[in-house]
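Asker: I have a structure I would like to understand better, so I am pasting it below and will then ask my questions one at a time.
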Amino acid sequence: PNLSPLPRTPPTPRDPWATLSPTRTLPCPPRPVQKAELVRLSQTLLHVPALHWVVVEDAASPSALVGGVLAASGVSFTHLSAETPPELRGGPGAPSWLFPRGAEQRNRALRWLRDTRRPDEPGVVYFADDDNTYSLRLFEEMRSTRGVSVWPVGLVGGLRLERPLVAGGRVVGFHTGWRPERPFPLDMAGFAVGLRLLLAHPRARFDPRAERGFLESSFLGGLVTPGQLEPRADNCTQVGVWGVLGGFGGGLGGLGGFGGW
């Protein structure tokens, strides 16, 4: 169903979905590559049943360019905007990692969910970046999420893959290339959240001033402990999402015995 004009939606045969995708910063004029990335992602989401796409631009108001892409996509969507404050952008020459990207936009999407969804409404929330590549099977894997489900992410963090380490069906550690002492050393593409859990924790949010690499932890720490994570993708041995446009400096060899869908 198209959730855009309705604050409430009747139940569907399968759990409704809310896929949150804060788009990248829109310079003026908008970058041509942004339209290409959104079209590519929309072609994947078009094949996912019972999905609603929440797109939040980093801008004072939603743009016609992004709105046109969404209207033509065939995907049920909501188009929002939330501008990053100037003090959180960094000055000229500042490194891109000085402040976490997308915190304000993701928090705007969380507010939309809390304003429009019932506390008992089933669903799964996933933060999909427009520059990643997704296997359709990944969306089926996360559909049964009740708390926070996790899986590997390929070509990210300077590694061929980052992943939770699983023993006895439980997450016991993490294989990561940077700051393994983080509470949740996960990539944004490596987890999904049950909608009911999210709505039961109204203060859970992304900290726009989080230390580098701690944005995910600032959010997940308000929902679960690491021991409560739900491993998916064959106990986190299969890769279904890749950060193909950055974060990997090595050759494109095999994944050390790990498969991909």
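The first residue you see is number 1, and the count goes up from there.
Note: Cβ is positioned from N, Cα and C throughout, glycine not excepted.
Annotated active site, proton donor/acceptor per TrEMBL: GLU216, in sequence order. Summarising the annotation, TrEMBL assigns Mn(2+) binding site to ASP131. What TrEMBL records for ASN235 is N-linked glycosylation site. Annotation comment: TrEMBL describes 1-31 as region 'Disordered'. What TrEMBL records for GLU162 is site 'Interaction with galactose moiety of substrate glycoprotein'.
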Asker: Going by Cα-Cα distance, pick out whichever of the recorded positions ASP131, GLU162, ASN235 is nearest to GLU216 (active site, proton donor/acceptor).
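Answerer: Comparing Cα positions, the candidate nearest GLU216 (active site, proton donor/acceptor) turns out to be GLU162.
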Asker: So what sits near ASN235 (N-linked glycosylation site) in its own chain, CB-to-CB under 8 Å and at least six residues off in sequence?
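Answerer: When sequence neighbours closer than 6 are ignored, ASN235 (N-linked glycosylation site) has VAL166, GLY169 within Cβ distance under 8 Å.
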Asker: Out of ASP131, GLU162, GLU216, which of the recorded positions is least crowded by other Cβ atoms within 10 Å?
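Answerer: Across ASP131, GLU162, GLU216, these recorded positions, the one with fewest Cβ atoms within 10 Å is ASP131.
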Asker: Between GLU162 (site 'Interaction with galactose moiety of substrate glycoprotein') and the residue listed as 'Mn(2+) binding site', what is the CA-CA distance rounded to a whole number of Å?
Answerer: 17
